[in-house]
Amino acid sequence: MTSGSLYGALIGSVLAFNVADFLGRRRELILSALMYLVGAIITGLAPNFAILIIGRFISGTGIGLAMHAAPMYIAETSPSKIRGQMISLKEFFIVLGMVFGYSIGSLLVEVVAGWRYIYAANTAIASVMGVGMWWLPSSPRWLLLCAIQRKGNMAELKEQAISCLHRLRGAVIGEKASEEVDEILEELSFLGESEEASIGEIFQGKCLKALIIGAGLVLFQQITGQPSVLYYAPSIFQSAGFSAAADATRVSILLGLLKLLMTGAAVLVVDRLGRRPLLLGGVFGIVISLFLLGSYYLFLGNVPAVAVVALLLYVGSYQLSFGPIGWLMISEVFPLRLRGRGLSIAVLVNFGANALVTFAFSPLKELLGAGILFFIFGLVAILSLVFIFFIVPETKGLTLEEIEARCL
């Protein structure tokens, strides 16, 4: 039941690899909203368990497409000065949605078949997403990529890109829209984006470097134990005295509110402090929290406060660093003509690593014990600190084209 959407997300990531540059960012998000809508209807009305899983799988496919297209669309339409804030806001609203879901769950936890209402509530949200994306314009950079690769009339696509910029930025952009379009076209020509990318190019040169940065970040995002720590949250809070089902749902809301608060803090400072300080500081907090959790399960079992503090520290540190910044970086580092495919590989790595950690956790816990396992996650987190320090560049304040020219 839980992993049905995860399998769907893996398939959505594979689909995105093939359709991203053909559909464009906007139409991919509309398709994602349609998947959410169909999945929610099937899940809410499912007459048996098999149909329920099919609904979850379809919703998961929408997740894979949305998590691929949304950061690209936001990155390609935002001014460079606030791009970090705008992409981090995506994570903020994901967490807000989680809190909303927890809240509905807490209201319906004692209601017979209450889960049907929870899933049915997604239909309204998916409809808002679909209509909203239908109303929004295409990504100007995607239009200009089509123009420079001769996939349409250059003059018409330039005019469309200028029109899209006017709609996205409002009257304030004025005549600067045509200047910005000319600058982007000039930089794309200089960077050699005029030829359509082959699959082999993803694993060569600057795209390989971008893939190492992007896929490395989302891999460490998962293998530092994120699914497993949250898996242990109910038992940690039970040891602290929260035992009933209603208590567990209320605790979930509190955890969600903490995630929301810390993500909001990241949104406010990401374009002032930069990406690297948030990543390094947040992951350092993750290291401490994982070693505290390991110590609790091995040596400090009679002090549940240690586990609660470690859990809250982990959640807060993750939402300051890997949560928003991982998705921000993968939307920024790939060259434009390879962004669709490169980002789909990074998203596939993210969901694949999530599945691996989720399914490997129980047998590893049985084999090694929870304490040793959290210490291993702590060592992996130290490796991720080294990776961030030596490999991940600072992209604050740079245009997407400048990132490609200077950081890759």
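Along the chain as shown, residues are numbered 1 onward.
Including glycine, each Cβ sits where the backbone N, Cα and C put it.
Automatic, uncurated: that is what TrEMBL annotation is.
Keep in mind that this is a model prediction, so the values were computed, not measured.
As written in TrEMBL, here are the features:
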DOMAIN    1-396  domain 'Major facilitator superfamily (MFS) profile'
TRANSMEM  6-23  transmembrane segment
TRANSMEM  30-51  transmembrane segment
TRANSMEM  87-105  transmembrane segment
TRANSMEM  117-136  transmembrane segment
TRANSMEM  210-233  transmembrane segment
TRANSMEM  253-271  transmembrane segment
TRANSMEM  278-299  transmembrane segment
TRANSMEM  305-330  transmembrane segment
TRANSMEM  342-361  transmembrane segment
TRANSMEM  367-392  transmembrane segment
Let me know the model's mean pLDDT on the domain 'Major facilitator superfamily (MFS) profile' (1-396). 87
So, does the transmembrane segment (367-392) come close enough to the transmembrane segment (30-51) to give 3+ Cβ pairs below 8 Å, pairs being at least 6 apart in sequence? no
Relative to the transmembrane segment (6-23), which of 117-136, 210-233, 305-330, 342-361, 367-392 accounts for the most Cβ pairs at distances under 8 Å? 342-361
With the cut-off at Cβ under 8 Å and a gap of six or more residues from its ends, the chain residues touching the transmembrane segment (367-392) are 212-213, 216-217, 220, 223-225, 228-229, 232, 275-276, 279-280, 283-284, 286-287, 290-291, 293-299, 329, 361
